[in-house]
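Engineer: Sharing a structure here in structure tokens format.
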């Protein structure tokens, strides 16, 4: 089989105006970035709010393993499948980050015959949204230190500055540093550091803002530190929000591309789900709901991270109600959760599959707590045996879950038609249950953290470390007690220990740090050793990326 990039390069892409035309978007609202990429005019999208809203489908997954699950691939394949059976579907994805693109994961445009294209441009730079977000974030960082340097009012406590710089790259050397060395002319010495851009509060703000006015208001609310009387200082106090908004004006408009089968895809925003809220932009999701019959979106990593944050943060803030969830699983990953080594996954192992099924069942139980109907998408690999596939479908049925074997990676949308039809039956039928959130706004912050950790991660005890409880009390006293919680933890386990596979229960779940993201509208609670600035692996994917003799990019997967 051809590589992802070879498949993408062989495709004949339609003009982006033709893709927009299928959604009845007028030409003057299509802001082209070449022939195959466009941004959609924000004013036009605002005008859609009075139109009927379609159905919302979330694609999530079991706990990820190195064996791979194929969540983005399934999202793309499902969108193509819906369109093949006569449903007007629009998919919504996050934009790839350069960090993982050159690190472990590689690109994030799907795979095989279920991709969004042009994949090279989408994976590398795209329309410059991440550059704009990084620039706006670091402009605020520069203005903070400049404000302190000149002693402007309000006078800030330089040791209280909480706003770090960002870059869209995996670089462990930038995590912690001393800045401002070299004498008074070069600033003032203090500890600082960088996070990856996808962990930026500005990224989260762009993805949760409803329009440009809301974006500016949220930027003003970013807490950057304290004054000398220990009162919180917001970005509005140093007059940074206006220039930041100017940098983000175009980036706020969602990007329109196409799948290999010529169906519309909105790709916009890119917060990670392990260190941020993990969902594409609200503006893109709402646009898809008004432009199509069905909007299909994905949330990062496993359902314990992406889906919970999609429900409790994005849906809470935007008053959205999902109509169905797809839980993506693979035989390979479930066998790995059942104790099989990566090198042995090609061998049939029914016993390990049965053991690892506990992970899928746990995610399904958690999703049921939100009142949303779930269908399992079994993303088939060539090494899967018929006996294993039959066993997994039987296991799903035994706990009341419908499932569909999907081959969209090799067959495109045709390979996900069974999944699309099963979802259509759910979407067309009256709801059996009502959507609900995991906790109410008025619940105390620590109780919210405990609720997520015990109800979703199945922790036995949640342990606050250091000044966590003191900070949470301070946040509540400052009027932020009604905010939802975004827990940053490893994506590799329900617990804080990435080595604890399958479905651990009764574990100790530590909270080592909490951060206030007042602009984004949530509290970040950091657990375990999760880093907001990743590092590169021993042999990063960047080693395999190059330009060939025809000036074409190679090695991008």
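Placed from the backbone N, Cα and C atoms, the Cβ positions cover glycine too.
Pasting the feature list from Swiss-Prot:
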| type | residues | note |
| --- | --- | --- |
| BINDING | 65, 66, 67, 68, 69, 70, 71, 72 | ATP binding site |
Engineer: When DSSP is mapped onto helix/strand/coil, what comes out for residue 72 (ATP binding site)?
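Structural biologist: Helix, per DSSP.
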Engineer: Please list residues from the chain of residue 72 (ATP binding site) whose Cβ is under 8 angstroms from its Cβ, counting only those at least six apart in sequence.
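Structural biologist: Residues satisfying the criterion: 93, 108, 109, 110, 111, 298.
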Engineer: Within 10 Å of the Cβ of residue 65 (ATP binding site), how many other Cβ atoms can you find? Include all protein chains, please.
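Structural biologist: By my count, 21.
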Engineer: Work through the binding-site residues one by one (66, 68, 70) and point out the residue whose CB has the fewest other CB atoms within 10 angstroms.
Structural biologist: 66
Engineer: Validating a neighbour-count step here. Other CB atoms within 10 A of the CB of residue 67 (ATP binding site): how many?
Structural biologist: 17
Engineer: If you skip the near sequence neighbours and keep only those at least six away, which residues in the chain come within under 8 angstroms of residue 71 (ATP binding site), Cβ to Cβ?
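Structural biologist: Residue 71 (ATP binding site) has long-range Cβ partners 59, 60, 61, 298, 328.
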Engineer: Can you check which residues sit near residue 69 (ATP binding site), meaning Cβ under 8 Å from its Cβ, same chain, 6 or more apart in sequence, and list them in order?
Structural biologist: 61, 62, 328, 329, 330, 333, 379
